[in-house]
Amino acid sequence: MNITSIITAHPRCIGHPRLAGWITAPAPSALNNFRIIYLVTQLVGITIIILVSCWIGIHLDGLAWSSKPSVQFNWHPLLMSVGMIFLYGNSILIYRGFRYARKKPLKITHATIHGAAFIFTVVALVAVFDSHNLAKPAPIPNMYTLHSWVGLTAVLLFSLQYVFGFAAYLFPGVREQLRKTYMPVHVFFGVAGFVLAIAAALLGLLEKAIFSVPNYSTLPPQAILINTLGLLYIVYGGLVVFLVTERQYKRHPLPEDVMLLTHSASVGSS
């Protein structure tokens with residue numbers, strides 16, 4: 001007797017929606033397509049970080065902290081690209097990218113990547129506010145551009161998602177029905193926050209190009225690099241959203257996930 005027949009024979013598993021999803025797992029060809037697109041997504045994300053680093057090193061005088069406020073700003077695009085773009089995207093994809101890992105370790109990994117992204121984001125925000133407030137001869141105003149408004153909205157949505165997601169899926173004692181009800185909300189606002197982060201990054205690139213690149217309209221090398229980064233942000237964001245919304249790529253529960261769920265239900269009803 002194979003594992004499918006063993007599980008489906010269990011009275012609590014018959015008609016179980018999670019088990020049904022596991023039995024109707026995606027076709028191998030669909031998973032092959034997923035792996036290719038997932039790999040391309042990772043390569044694009046890594047390329048973004050490399051190009052941002054090159055932009056900072058070649059055109060923006062490298063990195064520094066509060067002793068050089070204008071250079072301290074450079075931490076902002078770097079850490080935001082790592083945190084709110086690359087790590088945020090990978091956190092969203094963790095369940096589909098590692099579909100054969102058990103659910104609980106994936107939850108912990110998902111929360112850990114989100115936590116790392118949050119730390120990068122906080123440092124990036126400190127860097128940009130310091131670079132404005134410590135500027136000489138006079139401070140630069142904060143929070144007046146569309147980039148700053150969209151960016152702060154993305155950060156707030158990301159932070160709320162982290163808090164509510166942690167409470168719903170990692171905090172012990174939460175009812176399974178409540179988690180199931182909240183899941184569509186969690187997924188929607190997670191993707192919405194990521195899309196806002198991509199939009200904020202594009203607005204930030206445009207703002208920096210207009211303020212800092214001489215003769216931007218003639219497309220000097222820095223302008224070409226900035227425009228290329230913008231296109232890569234769009235490609236990376238589009239690929240992440242596609243991979244996480246395409247139904248045939250959805251992770252289906254493993255047999256041990258279902259058995260753990262039914263065991264918990266048995267304990268709760270005994």
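Glycine is no exception: its Cβ is also placed from the backbone N, Cα and C atoms.
If you look at the transmembrane segment (36-58), the same-chain residues 6 or more away from its ends with a CB under 8 A from one of its CBs are 74, 77-78, 81-82, 85-86, 89-90, 93, 96-97, 222, 225-226, 228-229, 232-233, 235-236, 239-240, 242-243. According to TrEMBL, the transmembrane segment annotation covers 36-58 (among others).
If you average pLDDT over the domain 'Cytochrome b561' (40-245) in this model, you get 94. The domain 'Cytochrome b561' annotation in TrEMBL covers 40-245.
What TrEMBL records for 78-98 (among others) is transmembrane segment. Below 8 angstroms of C-beta separation, residues 34, 38, 41-42, 45-46, 48-49, 52-53, 56, 63, 106, 109-110, 113-114, 116-121, 123-124, 127, 151, 154-155, 158, 190-191, 193-194, 197-198, 200-201, 204, 233, 236-237, 240, 243-244, 249-251 of the same chain, each at least six residues beyond the ends of the transmembrane segment (78-98), sit close to that stretch.
The annotation transmembrane segment is assigned in TrEMBL to 110-129 (among others).
For 149-171 (among others), the entry in TrEMBL reads transmembrane segment.
Feature annotation from TrEMBL assigns transmembrane segment to 183-203 (among others). Outside the transmembrane segment (183-203) by six or more residues, the chain places 80-81, 84-85, 88-89, 92, 145-147, 150-151, 153-154, 157-158, 160-161, 164-165, 168-169, 230, 233-234, 236-237, 240-241, 244-245 with a CB less than 8 A from a CB of the stretch.
Among residues of the same chain six or more beyond the transmembrane segment (223-244), those with a C-beta under 8 A of the stretch's C-beta atoms are 34, 37-38, 40-41, 44-45, 47-48, 51-52, 54-55, 59, 85-86, 89, 92-93, 96, 187, 191, 194-195, 198, 201-202, 205-206, 208-209, 213, 216. Under the heading transmembrane segment, TrEMBL lists 223-244 (among others).
Beyond its flanks by at least six residues, the transmembrane segment (110-129) meets 65, 72-76, 78-80, 82-84, 87-88, 90-91, 94-95, 142, 155, 158-159, 161-162, 165-166, 170 of its own chain at Cβ-Cβ distances under 8 Å.
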